[in-house]
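Peer 1: Quick one: this structure, given as structure tokens, is what I'll be asking you about.
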Amino acid sequence: MRILFFGPNGSGKGTQGSIVKGKYNIPHIESGAIFRENISKGTEIGKKAKEYIDRGDLVPDEITIPMILGRLQADDCGNGWLLDGFPRSKEQAIKLDEALKEAGMALDVVIEMILDRQIAKNRIMGRRLCENDNNHPNNIFIDAIKPDGDKCRVCGGALSARSDDQDEDAIDKRHNIYYDTDTGTLASAYYFKAIAEKDGSVKYITLNGEPSVPEVTDELVGKLG
């Protein structure tokens, strides 16, 4: 099963992606990790990407898409894959769609997690880290994992907030890109939605990202089949 996963920062997309990975035995591939791996290994395409990054420029699609395709063709992708974090524009969606089809890896499913922008922002700003274990879930805006004051709900350890989780300008900037239905990430998602509505060659799934993690998972698994 070959899946594209869309969702704003704060939607719980990463959590659901990990669940899909385990249930369907496919890798959860994050586009940023592909860049980091190629750059750290010093691959030729990684070196080219690094030149743009070091100049503060966007890496062109002519480099990004072949890099992504290379990862999607790795041995661990025999059962499929879940790609997260790309594309981020309609133009990139068109190019990726064409490249996947040419490589014989046409998409099976596109998932869009839907969440109100303010709720997504609150979830990011509400995240708290436990001094004993960062994997202990605590969020002052999510009732199911709301801590007891400034103490971890799991172990009672002291909690703190990551500085980047409190940077409203940075959060707003990321969300501006994601929620832009004309040129941003949602525009790329809607490109695939139009294909699904036109000929059904790809399955387009929408998920309500507001309920609890188990509830969202149940909806996702039910729709994936």
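Cβ from N, Cα, C; glycine included.
Quick paste of what Swiss-Prot says about this protein:
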type    : residues                                                                             : note
BINDING : Gly10, Ser11, Gly12, Lys13, Gly14, Thr15, Arg127, Pro211                             : ATP binding site
BINDING : Ser31, Arg36, Asp57, Leu58, Val59, Gly85, Phe86, Pro87, Arg88, Gln92, Arg162, Arg174 : AMP binding site
REGION  : 30-59                                                                                : region 'NMP'
REGION  : 126-165                                                                              : region 'LID'
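Walk me through the surroundings of each of these features.
Peer 2: Neighbours of Thr15 (ATP binding site), defined as other CB atoms within 10 A of its CB across all chains, total 12.
For Ser31 (AMP binding site), the number of other Cβ atoms no farther than 10 Å from its own Cβ, over all displayed protein chains, is 16.
Per-residue confidence over the region 'NMP' (30-59) averages out at a pLDDT of 91.
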Peer 1: Of all the binding-site residues given, Gly10, Gly12, Gly14, Pro211, which residue's CB has the most CB neighbours within 10 A?
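Peer 2: Checking each of Gly10, Gly12, Gly14, Pro211, the winner is Gly10.
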Peer 1: Taking Cα atoms as reference points, which of the binding-site residues Ser31, Arg88, Arg162 is nearest to Thr15 (ATP binding site)?
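Peer 2: When the Cα distances are compared, Ser31 comes out closest.
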Peer 1: Cβ-Cβ under 8 Å from Lys13 (ATP binding site), same chain, 6 or more residues apart: which ones?
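Peer 2: The list for Lys13 (ATP binding site) reads Phe5, Phe6, Gly7, Asp84, Met113, Gly209, given in order along the sequence.
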Peer 1: Counting Cβ atoms within 10 Å across all protein chains shown, which of the binding-site residues Arg127, Arg162 comes out on top?
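Peer 2: Neighbour-count leader: Arg127.
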Peer 1: Considering each pair of residues in Gly10, Ser11, Gly12, Lys13, Gly14, Thr15, Arg127, Pro211, all listed as binding ATP, report the largest CA to CA distance in Å, no decimals.
Peer 2: 17
